[in-house]
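Note sheet for the following structure.
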Amino acid sequence: MGLAKRIIPCLDVDNGRVVKGVQFLDIRDAGDPVEVAKRYDEQGADEITFLDITASSDDRETTVHMVEAIASQVFIPLTVGGGIRTCEDIRRMLNAGADKVGINTAAVFNPEFVREAAQRFGSQCIVVAIDAKKVSAEGETDKWEIFTHGGRKPTGLDAVEWAKKMVEYGAGEILLTSMDRDGTKNGFDLGVTRAISEAVHVPVIASGGVGNLEHLVDGVTKGKADAVLAASIFHFGEYSIQEAKQCMVDAGIEMRL
Amino acid sequence: MSEVKKSTVAVIDYGMGNLHSVAKALEHVADDNTTVVVTSDPKVIDAADRVLLPGVGAIRDCIGEMYNAGLVPSIRKAMAEKPFLAICVGIQSLMSHSEENSGVDCLNHFKGNALFFGEEHQDRDGSKLKVPHMGWNQVKQAIQHPLWADIPDNARFYFVHSFYVVPENKSEVAGTCDYGLEFCVALARDNVFAVQFHPEKSHKDGLQLYKNFIHWDGKP
């Protein structure tokens with residue numbers, strides 16, 4: 001009896017379609033976001049994350065409509081991230097039916113934005129997304145740094161210290177993506193997941209690198225994550241959410257079945 | 001042929017954000033004779049057959065906005081006479097007092113306080129527990145109640161909160177949950193029911209609770 005760990009399928013949405021860049025090269029089309037969200041809802045997903053990766057702001061209106069459509073048909077929590085830069089962006093997404101918003105780059109460039117957002121909307125709906133890369137060499141003490149621009153630009157910020165600062169500023173949850181692992185299917189970076197999960201009192205979602213169900217189990221048991229996020233293993237029918245949950249239950253993890 | 005009675009559910013809007021999902025979930029389970037209105041108009045609330053009090057954000061702002069919008073008399077009137085459901089911060093606002101925001105006096109419908117889990121919250125074995133309590137937890141039904149109809153005991157509901165209610169009168173506890181300690185997540189007295197979790201985010205069991213509310217005559 002107790003709180004269940006969560007499985008969160010992630011929809012990377014570009015120009016109104018769910019896509020997944022496999023190894024950052026070919027972008028594979030995985031369908032209509034509303035249909036995909038409904039399928040995961042039926043399969044027992046614990047939450048859904050909608051990541052707007054559309055570059056141009058012209059398509060922001062499309063995202064709002066899509067979030068509205070998902071929120072009127074899917075009755076589990078919905079997080080929307082990508083391009084959230086102002087309180088007005090947050091207000092629009094919450095009004096459209098999002099329960100939480102993910103703030104990423106804007107937090108790096110303007111940490112006060114996180115504080116302002118948490119004060120205005122409550123920490124419960126502010127997820128700070130952290131993209132981390134390992135920067136320590138083999139044999140050195142582990143060290144991870146925050147990167148922006150899809151992992152291309154270093155910031156000099158230590159990932160664990162940054163996570164602590166973001167929680168202090170009001171983040172209600174941390175979405176941690178390993179940029180070394182994202183798209184590789186080699187499993188989460190368990191070191192950074194555990195380091196951050198143990199350093200903060202808010203829930204941590206592990207992301208980046210899931211290639212099989214054992215990786216999800218490891219994220220919780222070894223990485224101490226409160227939730228695990230994956231995209232491609234679910235999008236292309238390799239595994240269903242039910243199979244993933246059963247695998248975690250078999251490993252002794254408390255899940256909602 | 002007798003005319004079918006039309007009924008209205010008023011979702012109280014006091015400016016504290018996302019009511020979209022609450023309204024959509026109610027509409028999803030409503031029959032053709034039920035209308036869902038999101039409103040900040042006391043007259044609409046007074047005329048409604050059922051009233052739902054949502055709540056997100058900080059308690060000081062919630063209570064402040066209820067007063068600023070002139071809604072407190074209508075909320076009290078509704079709690080005195082018709083089926084009334086409060087959710088999340090809504091349940092906390094019905095208590096006497098909350099220790100959030102350095103202490104806030106609330107509506108005092110249920111005697112008792114809302115307390116903070118604490119940032120160093122621990123499980124009974126000493127392991128660290130994250131705060132907020134966020135995710136799906138099992139709800140033990142403490143009483144039989146029309147709002148629990150067709151919902152299995154220990155069904156999982158979605159929670160996100162850092163404060164929990166401690167009612168003085170234990171006979172008002174309708175459901176409990178376990179997170180380092182056993183605490184109250186549902187309160188019931190007469191025509192008022194209140195829950196800490198989010199039915200609109202709790203999939204089929206949450207929708208069932210809303211369906212039960214839409215059909216509830218307000219009798220325990």
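Note: Cβ is positioned from N, Cα and C throughout, glycine not excepted.
Database features (TrEMBL):
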type     : residues : note
ACT_SITE : B:CYS88  : active site, nucleophile
ACT_SITE : B:HIS198 : active site
ACT_SITE : B:GLU200 : active site
DOMAIN   : B:11-213 : domain 'Glutamine amidotransferase'
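Taking CA atoms as the reference points, B:HIS198 (active site) and B:CYS88 (active site, nucleophile) are 6 Å apart. Each residue contributes its Cα atom, and for the residue listed as 'active site, nucleophile' and B:GLU200 (active site) those atoms are 11 Å apart. In sequence order, B:SER21, B:VAL22, B:LYS24, B:ALA25, B:LEU26, B:ILE87, B:GLY206, B:TYR210 constitute the residues six or more apart from B:GLU200 (active site) in its chain with CB-CB distances below 8 Å. Residues belonging to the domain 'Glutamine amidotransferase' (B:11-213) score a mean pLDDT of 95 in the model. For B:HIS198 (active site), the number of other Cβ atoms no farther than 10 Å from its own Cβ, over all displayed protein chains, is 24.
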